[in-house]
C-alpha cells in the first residue's frame, strides 16, 4: 500500500486521483507513527520550502520519513516534495531539508534567461532522462507539466536522472537508491505523468 503524506501542504486529492486512474489505491496519511506500515511513501508539496519543513516538524514527520528512508522502502517526492529531499534551500532564507539527497535548492538564475522567460517556470516542458525504472516505457525525451521558481543542485551528478532546459539546463528528477523525486507534477502531466506513477507503484528496491 502507498501512503501520500498529509502535512497540510499539497495537492493530495489530485495526486490520489491520478493513482486511482491507474488502478492503484492509496491512503492519505497524516499520522507519522503509521508510515512504517506502508510499502511506499509519496511526499507531495505546493508552497514554500521553509513552511513545508515547519509543517513536517510540527507533526513529528521528519524523523518518521528519515526512518522510512533508512528501511530502504521507496519514497517519491513530487515538486516541492522533491526539493524537501535535499539538504537545504535558499527560498526566503536558508532552510534545512530532509537531507536524503546531497545538494541544495536554489532560485533560477535569471541573469542567464532570455528576455521572454519569466519565473516561475510554468507549463509544459521536456525532460531528458537517464535509464531508470521510473521512466520505463517512456521516451528518453518527454513532456511534463512544471510550476516552480527554484530548482535542485545535486552534489553528485549520478543522483540527477532527469534534466530540463529553461534558460539553462537544471535537474528535474533525482534518484539515490530508494529515494526518488520529480520536479514536474505527474498528476497534471496526462499519460506521461501517469506512466511515471505507475512505474513507481511497480518499483522494487534492489537492496
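Each residue, glycine too, has its Cβ placed from N, Cα and C.
Some features that Swiss-Prot has for this protein:
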type     : residues : note
ACT_SITE : 79       : active site, nucleophile
ACT_SITE : 185      : active site
ACT_SITE : 187      : active site
DOMAIN   : 1-207    : domain 'Glutamine amidotransferase type-1'
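Annotated pair residue 79 (active site, nucleophile) and residue 185 (active site), C-alpha to C-alpha distance, rounded: 6 Å. Cβ neighbours of residue 185 (active site) (same chain, under 8 Å, six or more residues apart in sequence): 11, 78, 79, 144, 145, 146, 147, 193.
For residue 79 (active site, nucleophile), other Cβ atoms within 10 Å of its Cβ number 27. Non-local neighbourhood of residue 187 (active site): 11, 14, 15, 17, 18, 78, 193, 197, each in the same chain, at least six residues away, with C-beta under 8 Å from its C-beta. Following the DSSP three-state reduction, the secondary structure of the residue listed as 'active site, nucleophile' is coil.
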